[in-house]
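Asker: Got a structure for you, questions after.
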């Protein structure tokens, strides 16, 4: 109480209450500045008074005289009932809610200095059935107080957390946040404090109320209390706790079937006291779950579904705060089976499976560079274009759900195909190597190119990081497919291919056979693919700018024939091997020359009275470097090279051959030469010129002298200067050694007239053959002079008795008559020589007595001359010399002319005399032998085409018959059995096979068991085909049912030996066959020397020792008669000489001609046979047997054995 008698605020005063039973004071009220007491007056005085005594001396005392009056300024000294009380403090000031939360509130206020403590009455009210009333005591100023309200259950257990009970009174409440409390529930208060807080002023009180009900209206009334617990006037404030509210709901992770969410509660400080009820609702279903944290994971959701999610905050008493609400779509499920369906250079095809969405975002991300892009599709497959080749891409697919949701991605990666290369080209190709290059539009340096090179039989693969590669060890001439496939990261791009041949190899072993205007070329190629090659031939004439059109062969053909060439010209052929469009790397070249054209013919002109021949011929076609002139006579031979035709000598060439013998028949051949080749010569027999006969040494012999006649005998002149055409018997009465040619114009009449003492009395003309050089005329002439005969205008008049006469003979090689002189001899024009004149003979007187005797003698002499003339003219008719006066009938020839060996040389000389006249007679006698034998089979129409020559047809009696197959004429072949020395079928003589008789030829070889074939001709002679090449050269060849394979071949200068195996295909039987091919025997001619043929015969016979004895030797040339007959005859002759010591050339040829026509076809071959016999006989006599073995060196090459020089046995060979 202040001095003015007022109580100060917050003064604490005590009031001692009276015994309530005895105290008349019924009540005391205080205020900050007064105390009011009420009491009961025990008296009924109405004027009784009462008062209040203060222990504070500074206070005034107030009195009142009525019950219920307020006492003020009561002073001491009053008597009555007394009691202690405290003046109430001043009301608190600045009472406010400093902070209002959801479950806690901070209240602050200030007190005066006398306030000792405060009591706060907390009242809470909701729209519930009960209210909350809580008294909180002992709230001291300058302190912080924390009060926590815990709900109690029915058994009055306190909820967590538990704290020490302070004995605070708690009223009932009907509810707490989260739901109404059960009736009669209680709250228990716990306080922490008071605590000193230096931040608070001493007069400030701060109370923190915890675990209030969210969203509840509260009224806090603060009563200041004095020391004696006197309370001052209350101050009240109201506040409402914030509602508990979930907010800021977020989804940390959302998948198709689950989501993780977080949220916040606006009562963060008390969040731990909450539990949260989560309600999840979709279109068809709902479920709840409860968590204790501000986050939750919700599982077992449906993808692509709209969910309504409500989060309720729940306090421990079950009361719920304001829920948080959110809607969310679960994203669609990730697609399944996300795959690459196609890849190209610019596109990638993708596909996937999905059941819960129809929209998809695809993110396309290049591996290294470039911005990603996104495309959207509603399909479950797509082809993405606009990509770069050879690039790796990552594709992420996101299923799109409603409201912009998207599911988890699925990823595939792939690399686009590398761009196919282009412009694959062959930089270089050889027979075994190939270099390739290509281009790529991407210019991608990271590409790896897989290059496969493949042929029909092999393949190879290489990788290259460059746009080029080389392959080696390839097969020549082979088609390769080259496939280039770009790849990156083991992903292959589009392949591109090209085809290319390796170059074929060059040809080798070029063989060229030529004639004058054509060349046949053969070559080889060893490549495996050569059967598919073609060949291009380029031919040019050397020195000429013009070329022939190219020649392209058919596939697999390794030969060609070039025609329209120029004879004797040099050419170069280039042969390119071609396979497809590729040819060999360069040609194979070879030069050749065509055969020079032969001189067609030439003329021989004898030069009068000179031993010279003038030869003229037309220049042959083509080119020639010269001519080879060969002139021979007997064993004399001369070769002379001549220059070729030139512009200077025009189209005709002329030359003179000098230093010859007169009147000699020369064999002249002229061969064109060019390019070291010699053409087949043109041949002619030329008779050299004649001149005056050589002067004879002997004079005529005069006999039988009569008074008017004589007989003059003389020998023929030597014919070395020409055949003697005529003899003129010249008589002279003067002594002269040799008369001059001028006397030849005088006749007997001139002599009689005295015009000349010398005259021609008789002229003899002769048609005698020319005689061999050096031989004299063997004929003797005898002329009756004076017989009055006339010859060519010359009168052989009677001589004058007692006259003296000399006789000489004029021999003429050419006699000319002067028509202007009565046809008498023109001495100047004639070629004449005179014999020396005989000694003079004196005629006797004409005695008449002896006239008859003389006449008789003359008549007898004439008869003898007539008989001699008959014999002489008969011999001439056999020589084919024309005789206009006498004819003879044919004489049947003999069949044999057997001669002993020791007599043969003399016989040979006799037959050789007079230019082989004897042999000519013998050969003439053989002409008609056998010609009338029938040859019906050969003349059948079906068989005519099987004959090479129409005049060489086999006789029926000896023809070889083959087996008949399908036609009766199948047995025919132009062949005859020929008799040898041992058997009538030792030989088979046949023609050179024709193209259409090859099968028949080999059938004959097989059926007749032939082991040896003797071939005496070349296939082509002088440009003419003489025989078909009937044997295989390299590979076995079938001729019908006969297969022939050559096993060896040895070529020698004069002959070639070939071995074959002959097999019968149906029976598989086989046997060997050897062919002896004599290559140096000209057609219609004879070998150069006899020893060649003799040695060749021994070579054949030596081989036949190994063959079955019944096996015949098959011999053929072209026609199968001339050279064939000569070979068969020499074989028989050798056996005859060795075994019988006799020789019958004539008889053997006769026998052969009775089996096949024209055997030993020419007179030269007949003479050659006789010459062979002579040389054999001489060699047997001569210890030097080199003649027969001039060719043994060549023979030892074949047999590789040393020759044995014993003639006539094994010919130097051991079988």
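Along the chain as shown, residues are numbered 1 onward.
The backbone N, Cα and C atoms fix where each Cβ goes, and this holds for glycine too.
The model shown is predicted, which means the values in this text are computed figures rather than measured ones.
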Asker: According to TrEMBL, which stretch among 658-679, 680-701, 702-723, 724-745 corresponds to the feature region 'Disordered'?
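Answerer: Among 658-679, 680-701, 702-723, 724-745, the range TrEMBL annotates as region 'Disordered' is 680-701.
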Asker: Of the residue ranges 853-873, 874-894, 895-915, which one carries the transmembrane segment annotation in TrEMBL?
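Answerer: Going through 853-873, 874-894, 895-915 one by one, TrEMBL flags 853-873 as transmembrane segment.
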Asker: When you get a sec, could you say which of 113-155, 156-198 is annotated region 'Disordered' by TrEMBL?
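Answerer: It is 156-198 that TrEMBL annotates as region 'Disordered'.
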Asker: Just to be sure I understand, if DSSP states are collapsed into helix, strand and coil, how many residues of the domain 'Fibronectin type-III' (245-334) fall in each?
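Answerer: DSSP composition of the domain 'Fibronectin type-III' (245-334): 6 helix, 52 strand, 32 coil.
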Asker: Please work out the helix, strand and coil residue numbers for the domain 'Tyrosine specific protein phosphatases' (1094-1167) from the DSSP assignment.
Answerer: 44 helix, 6 strand, 24 coil
Asker: So what pLDDT does the domain 'Tyrosine-protein phosphatase' (919-1176) average out to?
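Answerer: Average per-residue pLDDT within the domain 'Tyrosine-protein phosphatase' (919-1176): 94.
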Asker: Let's see if you can do this one: DSSP helix, strand and coil counts over the region 'Disordered' (680-701), in that order.
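Answerer: With helix first, then strand, then coil, the region 'Disordered' (680-701) has 0 helix, 7 strand, 15 coil.
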Asker: Per DSSP, what is the helix/strand/coil residue tally across the domain 'Fibronectin type-III' (503-597)?
Answerer: 5 helix, 46 strand, 44 coil
